[in-house]
Amino acid sequence: MAQTNKVLVAAPPDGGWGWMIVAGCFIVTICTRAVTRCISIFFVEFQMHFAQDYSKTAWIHSLVDCTTMLCAPLGSFIGNRLSCRFAVILGGFMASTGLILSSFATSLENLYLSLGVLTGIGFALCYTPAIAMVGKYFCKRKSLAYGVAMSGSGIGTFILAPVVQHLIELYSWRGALLLLGGFVANLCVCGALMRPITLKEEQLSGVLSVDEENTYNKQQNNLNSKSACKPGQPIRTDCLNRCIFFQSLQEYSFFLMPDFMVLAVSILFLAYGCSVPFVYLVPYALNVGVSHQNSAFLMSILGVIGIVGNITFGWLTDRRCLKKYRYFCFLVAVGMDGLCCLLIPTLQSFPLLVPFSVLYGYFDGAYVALLPVVTSDIVGTQYLSSALGVVFFLHAIPYLISPPIAGWLVDRTGTYTAAFMLSGFSMIFSSVLLVCAALIKKCFRTRSGSYSTNSDPKLQIWTNTGETDYCVAADQEPKPV
C-alpha cells in the first residue's frame with residue numbers, strides 16, 4: 001500500500017474569529033489611513049489661518065505619514081513582546097489625544113508636535129499590529145481577508161472627506177479636529193477585538209513532500225539548537241541574554257533574502273510617489289477653478305474606488321489560477337498609478353479629474369491590499385509582523401520629504417506640473433525595478449539549471465517562491481509516496 005508522510009503543522013482558522021480581526025483591522029485602517037488622507041482637506045485652512053507657504057504647511061501631513069511609518073517597527077515590537085491588543089489600545093489613546101490637542105494649536109509648530117508626532121506615533125502602534133493579526137488568522141483566503149481589511153482606507157476616505165469638509169464649514173478647522181479626535185478613540189475598541197491566537201497542531205497526511213518535510217524538520221532543529229538554554233538547567237542571566245539575542249536575530253533574518261531587499265528598495269520610490277496626489281489633489285483642483293465641495297468629492301471618489309481595488313484584487317489573486325501572479329499584479333498596479341500621475345497636469349476641470357480619481361483610486365487600492373500579501377509570500381507568516389514593521393518603516397523618509405519637495409516645486413515654478421511628474425516617474429521606476437529584478441532572477445535560475453523538470457520557465461518568473469510554510473502545501477492535493 002502507498003504510504004503517506006505525516007507532519008505536525010499549525011493551521012490558521014481561515015474564518016471564525018478571524019473575521020472579527022478583519023473587522024477590527026477594517027476600522028483601524030479607517031481611523032489611521034483615511035484620517036491621514038483627510039488631513040489634506042485642512043491644507044488650505046492651515047495655510048490661510050497661519051499665513052504660511054505651501055512647503056511649510058505640507059510638513060504637517062508629512063510628519064503624520066512619516067511618524068506613522070517610522071515608528072512601525074515599534075508597533076511590531078510591542079505587539080510581539082506584549083500583545084497586539086495592548087499596542088492598538090495604547091496607540092488609539094495617543095492618536096486621539098494628539099488630534100484633540102491639535103484643535104488648540106496656536107502655530108504650525110504646535111501642529112507639528114501634536115498632529116504630526118503624537119498622532120503619528122499612535123497610528124503606528126495601531127496599524128502594523130492590526131495588519132499582522134490578519135495574516136496570522138488567514139492562509140488560503142489571505143488576499144481576500146487583506147482586501148476587505150485594507151478597504152477601510154477607501155471607505156473611510158469616501159465617507160470622511162465630505163464629512164470633514166462639512167465640519168470645517170460648521171465648526172471651523174478646530175472643531176473638526178476635536179471631533180476627529182473623538183472618532184479616532186474608537187481605535188481602543190478595535191484593540192479589544194485583537195484576541196491573541198493559539199494555533200493548535202493538526203496532523204496533515206500526504207501534504208508535504210519528503211524534501212519539504214526534511215526542510216521543515218531542519219528548520220525546527222536549527223531553532224532548537226540556537227537556544228542557549230537547555231531544559232532542566234537553571235536559568236542564568238547570560239543564558240537569558242543569549243536566548244533573547246538569538247530570538248531577535250531570528251525575527252529579522254529575512255533581511256538576508258534578496259527578494260525582500262529588492263522589494264525594500266522599490267518601496268522607497270513607491271512611497272515617495274504615492275503620497276503627493278493625496279496631499280495636493282485638493283489644492284490643485286482648487287487652483288484650476290474646482291469648487292471646495294467638488295474638490296473634497298474627488299477625495300471621496302479616490303476612497304470609494306479604492307474599495308473596489310482592495311476587494312477585487314484581493315479576491316482575484318486568491319484564485320488558484322492567479323495566486324502565483326500576485327507579484328506581477330502588484331507591480332502592474334504600482335506602474336498604472338505612476339502613469340495616472342503623469343496625466344494630472346493635463347486635467348484642468350472637474351469632469352476630467354473624475355476619471356483620474358477613479359483610475360488612481362482603483363490601482364492604489366489594489367497595491368495597498370497586495371503589499372502585505374506579497375510581503376508574506378516573500379518572508380513567510382513567521383516573520384510577517386517584523387517584516388511589515390520594516391516595510392512600513394521604509395515609507396517614513398519618502399513620506400516625510402515628498403510633500404515638502406512637491407510644495408517647494410510649486411512655490412518655485414508656480415504650477416503643479418513638476419510635482420506630479422516627479423511623483424509619477426518615481427512610482428514607474430519602482431515598478432520597473434521589480435520587473436528588472438524578476439528578469440535577472442529568471443536568467444540566473446535558467447543558467448544554474450535550478451528549474452524542476454515539470455515547471456514552466458515562462459511562468460516561473462512571476463511565481464512567489466518565498467513562502468515556505470504550510471500555506472503552499474495546503475493548496476495541494478494529498479499525494480501518496
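Each residue, glycine too, has its Cβ placed from N, Cα and C.
Unlike curated records, TrEMBL annotations are generated automatically.
Taken from TrEMBL, the feature transmembrane segment covers 16-35 (among others). Among residues of the same chain six or more beyond the transmembrane segment (16-35), those with a C-beta under 8 A of the stretch's C-beta atoms are 68, 88, 92, 95, 99, 123, 126-127, 130-131, 133-134, 137-138, 145, 148-157, 159-160, 180, 183-184, 186-187, 189-191, 193-195, 303.
Sequence annotations record features per position, and here TrEMBL assigns domain 'Major facilitator superfamily (MFS) profile' to 17-442.
Sequence annotations record features per position, and here TrEMBL assigns transmembrane segment to 86-105 (among others). Sequence-distant contacts of the transmembrane segment (86-105), counting only residues of its own chain at least 6 positions beyond either end whose CB sits under 8 Å from a CB of the stretch, comprise 24, 28, 31-32, 35, 75, 78-79, 111, 114-115, 117-127, 129-130, 174-175, 177-178, 180-182, 184-192, 194.
Look at TrEMBL and you will find 111-132 (among others) tagged as transmembrane segment.
As annotated by TrEMBL, transmembrane segment applies to 144-164 (among others). With a threshold of 8 Å between CB atoms, the same-chain residues lying at least 6 positions outside the transmembrane segment (144-164) that come near it are 18, 22, 25-31, 33-35, 37-38, 41-42, 130-131, 134-135, 137-138, 176, 180, 293, 296-297, 299-315, 318, 361, 365, 368-370, 372-373.
Taken from TrEMBL, the feature transmembrane segment covers 176-194 (among others).
Residues or ranges marked as transmembrane segment by TrEMBL: 260-283 (among others).
Outside the transmembrane segment (295-316), and at least 6 residues removed from its termini, the chain residues within Cβ reach (under 8 Å) are 34, 37-38, 40-41, 143-148, 150-151, 153-162, 164-165, 278, 281-282, 285-286, 322, 329, 333, 350, 353-354, 357-358, 360-366, 368-370, 373. Summarising the annotation, TrEMBL assigns transmembrane segment to 295-316 (among others).
The transmembrane segment annotation in TrEMBL covers 328-347 (among others).
Under 8 Å from some Cβ of the transmembrane segment (353-375) lie the Cβ atoms of residues 131, 134-135, 142-143, 146-147, 150-151, 153-154, 260, 263, 270, 274, 277, 281, 285, 290, 298-299, 301-314, 317, 326-327, 329-330, 333-334, 336-337, 340-341, 343-344, 347, 384, 387-388, 391, 464, all in the same chain and six or more residues away from its ends. Feature annotation from TrEMBL assigns transmembrane segment to 353-375 (among others).
Same-chain residues lying 6 or more positions outside the transmembrane segment (387-410) and placing a CB less than 8 Å from one of its CB atoms are 53-59, 61-63, 65-70, 72-77, 124, 127-128, 131-132, 252, 254-255, 260, 263-264, 267-273, 275-276, 279-280, 371-372, 375-376, 378-379, 416, 418-420, 422-423. The transmembrane segment feature in TrEMBL is assigned to 387-410 (among others).
Summarising the annotation, TrEMBL assigns transmembrane segment to 416-440 (among others).
Long-range Cβ contacts of the transmembrane segment (328-347) within its own chain (Cβ-Cβ under 8 Å, at least 6 residues beyond either end) map to 266, 270, 273-274, 276-277, 284, 309, 313, 316-317, 322, 353, 355-356, 359-360, 363-364, 366-367, 370-371, 374, 415-417, 420-421, 423-432, 434-435, 462.
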